[in-house]
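Record features (TrEMBL):
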type     : residues : note
TRANSMEM : 21-38    : transmembrane segment
TRANSMEM : 50-69    : transmembrane segment
TRANSMEM : 90-110   : transmembrane segment
TRANSMEM : 130-151  : transmembrane segment
TRANSMEM : 265-285  : transmembrane segment
TRANSMEM : 291-312  : transmembrane segment
TRANSMEM : 324-344  : transmembrane segment
TRANSMEM : 356-373  : transmembrane segment
Amino acid sequence: MSEKSKIEDKEDLLSSTAKGASYLIMLQFISRMLTFSLNQIVLRHTSPDAFGIASVNLELLASTILFISREGFRAVLTRSTKNQQQIINLAYIPTCLGLATTTLCCGYYLSTITSNNESAIYPYYSTSVILYGLASFLELSVEPLFIIALNKIKIKDTSEKSEYWFEKTLLHLGITMTKQSLLKHVLTEGDKMLISVLSTDSDKGVYGFVVNYVDLLAGSTWSKSDAPTVLAVYCMYVPFMGVNGITEGFVQAVATKQDLNRLNYFMVFFSACFIVSGFIFMYWFNLGAVGLILANMVNLSIRVVYSWHYICTYFNRSRNISSWFPHPATMLAFSISWFITNWSDKNIGWYSLKQKLVHVCVGVICFVFVSGIM
């Protein structure tokens, strides 16, 4: 191949990559804007109680069905194997498992609705549970196609035989990761589990609003609730999620079966710490949704410490955790800005248009100050 043709191939590759990326960005932008617009309609015409049922209880139902049924096998089936047909056979397990999971979860929800007489308060609650269950199972029914597409599998000739329908190594690893996914699900969705048990429907609505729909135009119905305070605390929670996502993602990518089994025991400890801290913040201190976010911070902090220890062991070297943090001057600038904006919120207020403009100007000045220090 000549040098000129190589250059042309590279240019074609870059052009197609840029074109695909632009389409993806445009699709994401349209999807986000459509979701944002629909959220405004929902939030302005829905009470916090009804929104709490939908964003916490029903979302927890769907995530439980999907997570338990497919998470473990999906992570395993993306790994390479010589016999692709065995991967296809294994890909049907989440669908079969999903049928049992959907039946059990929906049955439990319907039984609690009947025992608590919630059908009288929310007339369409039972119907919503059934629809969420059917939708979740429908998503699981196409899981084999998703696995095939994800692995770019080309189905082999039928004359090619295999000693086993399933590759034993992947099957055992899938079972191991499915067991781990049960504990991981408690850590991932444990906040919704706790708030569904320990909080009122109104608190559920505020928490669901902050976590799922962090919008600035939700209207006076939400601005008069605890949503602004919960949103402020949630902003401090976001960095914890970012660091944990990076460190835990690395551990999941390189961990062996023995490491995953060991991690299962630590998952039990993480779950216990989360439940205890959530009970303390929400029940003893009666902090509601704020206490739940604080419990999540405790949980993610412990998980980050474990993941960082594993990473250091994996590379056979240690690194000071203090290297993660920004420069002391930057942290001082953020602290000063927090005190100033907090003072502005309490003393200037947010009622009249003039107060809002002054408060926003204070925030802009603090933003410029922090940007200059950074």
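Backbone N, Cα and C define each Cβ position, glycine as well.
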Same-chain residues at least 6 beyond the ends of the transmembrane segment (324-344) with a Cβ under 8 Å from one of its Cβ atoms are 243, 358-359, 362-363, 366-367, 369-370, 373-374
Test the contact criterion for the transmembrane segment (130-151) and the transmembrane segment (50-69): 3 or more CB pairs under 8 Å, pairs 6 or more apart in sequence, then answer yes or no.
yes
Sequence-distant residues near the transmembrane segment (265-285) by C-beta distance (under 8 Å, 6 or more away from its ends) are 180, 183-184, 186-187, 190-191, 194-195, 198-199, 291-292, 294-296, 298-299, 302-303, 306
Comparing 50-69, 291-312, 356-373 for Cβ pairs under 8 Å with the transmembrane segment (90-110), the winner is 50-69
